[in-house]
Amino acid sequence: MPRAGLCSRWGGRVLPLLLAYICYLLLGATIFQLLEKQAESQSRDRFQFEKLRFLENYTCLDQQAVEQFVQVIMEAWVKGVNPKGNSTNPSNWDFGSSFFFAGTVVTTIGYGNLAPSTEAGQVFCVFYALVGIPLNVGFLNHLGTGLRAHLTMLERWEDQPRRSQLLQTLGLALFLALGTLLILILPPMVFSHVEGWSFSEGFYFAFITLSTIGFGDYVVGTDPSKHYLSVYRSLAAIWILLGLAWLALVLPLGPLLLHRCSQLWLLGRGLGLKEGGAPETSGLPRPQKIPISA
């Protein structure tokens, strides 16, 4: 009964993961409901109050006329038109904004604040995504592999002197720290300054973007009251591509750094015991190498 045993082992691994997955979703749903439901209710009540006050101030209007106007605003918002400002607002489909939109398509971020409204644009978007998404995945995989190829010396880490091990570990930690600064710290500061956000809002936007969640509640270059550089959104799209490539490299390097630090700690502890007259530690099993390639 080898097949039955295989199915039993597979089920023994999958069922706990499935249970943990469902519990995690239930936990998230509960916490989000507790945090957001009251704020949503307050926003809805405020909107209804402002609408009624508007009707009281302008008695020549009736409820139906206001509802029709609100519907027009909602349709304009869905099509990417900001209802604030006037017709002189910058276009959502100039080259810089279109380049930014193309980047959100191939990276599957999809903020949802802008989408093609013409039938030809929707058809082109489908075929553009069919080609662009695999191209983006292949590019990120090859870029991450190429960058990791420069770090293959870490696979021979245990064969090197302890001083070299320490230097390599510090170099890897410095690389991760600089990458975090250039990808996750400085860009949110720039976005916060340009958009008038707090740093926490800028960092929230950066994380939601680079994780390809893309809620669309915060999007750069959409405030009609601000005058943006023509290349602002194009630079934001390039930052997204570089950030995704950096994450493709960092995700396997993070566990590697923790493994190296733990080995250094064990080696230092072993040397300290040896100097204190403790038994030799050469009989301990040698730590297993962890390849850095995914």
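Each residue, glycine too, has its Cβ placed from N, Cα and C.
Note that the structure is a prediction, hence the values are computed from the model and not measured.
TrEMBL has this to say about the protein:
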- 14-35: transmembrane segment (TRANSMEM)
- ASN86: N-linked glycosylation site (CARBOHYD)
- 87-145: domain 'Potassium channel' (DOMAIN)
- 93-114: transmembrane segment (TRANSMEM)
- 120-145: transmembrane segment (TRANSMEM)
- 166-190: transmembrane segment (TRANSMEM)
- 180-251: domain 'Potassium channel' (DOMAIN)
- 202-220: transmembrane segment (TRANSMEM)
- 232-258: transmembrane segment (TRANSMEM)
DSSP-assigned states of the domain 'Potassium channel' (180-251) in counts, ordered helix, strand, coil: 48 helix, 0 strand, 24 coil
Within the domain 'Potassium channel' (87-145), residues counted as helix, strand or coil by DSSP: 39 helix, 0 strand, 20 coil
Local confidence of the domain 'Potassium channel' (87-145) - pLDDT mean: 84
